[in-house]
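*Asks:* I have a structure I would like to understand better, so I am pasting it below and will then ask my questions one at a time.
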Ligand SMILES: NC(=O)c1ccc[n+]([C@@H]2O[C@H](COP(=O)([O-])OP(=O)(O)OC[C@H]3O[C@@H](n4cnc5c(N)ncnc54)[C@H](O)[C@@H]3O)[C@@H](O)[C@H]2O)c1
């Protein structure tokens, strides 16, 4: 079965889901956006609206394109509203139980030929596929944050992913104007296998008192030429997501070098999840971000 992708469903209207919906709509796809409540869907739609406006003010999009893109995105308060989608991308919280439950509930609502993609940062695509009725039409489509800005999409085939699913996904990523890279289905794939241990080590460096938040970030920006410091980046990703990825690496590869830093655990337990909760390694509630340690 080959699928001509025209309509894309997105599950999860958070940082990633709203970005994915935005780039799909700009590329001309009809989009249905789902989350746990109408309130969260509306918050996602507001983020997309702001993002599209910013693209117009930067000259990357015409006002007419903005209006057309915004008009292509519709709220989907239930999985039934995703029933006519050709591709559904799951971008909900990085928690395997949450994602598995979504797939179990989602499958009966979909057409048999619809493809399901997961935007998971780290969880086994093969294992998630096994929670669906269509492992051959299931694939990892890992966007980077912020989606409208970042060029890369990692594509991850599960053990059962068939060629037409892979080819349709490659064509979809190309139409979004992004560059795809293929990663094998190992914990955290390529980008996060390399990036997250670096961020976790930066948090250990803070935990052990080797440097302050500012000195660690300045050191890596100016000393390693990174565009942003690792703690600033952790706040940007979301500390809950960083912790979840480290846990997947630690459990999946059974190597103590992936042990999540206890300070990361403490920040997550405090609900200090980074920019999305306005406090993490920096406090974003004032005029400019101030370090919390
Ligand atoms: N943050 C990043 O930098 C980044 C980058 C690439 C991939 N990802 C992955 O993208 C996914 C989402 O991350 P995020 O940063 O957007 O998180 P987020 O916390 O901003 O958003 C997650 C959204 O999922 C929704 N959700 C939770 N359970 C749901 C359910 N059962 N049904 C529908 N919606 C549900 C939440 O209400 C929330 O709006 C995760 O798998 C994450 O690992 C994140």
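The backbone N, Cα and C atoms fix where each Cβ goes, and this holds for glycine too.
TrEMBL entries are annotated by machine, without manual review.
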*Asks:* Select one of 30, 35, 163, 255: the residue that TrEMBL places in the NAD(+) site alongside 12, 13, 14, 15, 16, 17, 94, 99, 121, 145, 276.
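*Replies:* Between 30, 35, 163, 255, TrEMBL records just one in the NAD(+) site with 12, 13, 14, 15, 16, 17, 94, 99, 121, 145, 276, namely 35.
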*Asks:* Hey, of the recorded positions listed (14, 142), which one tops the CB count within 10 A?
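*Replies:* The most densely surrounded of these recorded positions is 142.
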*Asks:* Using DSSP and collapsing to three states, where does residue 99 (NAD(+) binding site) fall: helix, strand or coil?
*Replies:* helix
*Asks:* Which binding-site residues, if any, among 12, 16, 35, 99, 145 have a Cβ under 6 Å from ligand 1, given in order along the chain?
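*Replies:* Result: 12, 16, 35, 145.
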*Asks:* Find the longest CA to CA distance in the recorded NAD(+)-binding set 12, 13, 14, 15, 16, 17, 35, 94, 99, 121, 145, 276; express it in Å as a whole number.
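*Replies:* Binding-site diameter by Cα atoms for NAD(+): 21 Å.
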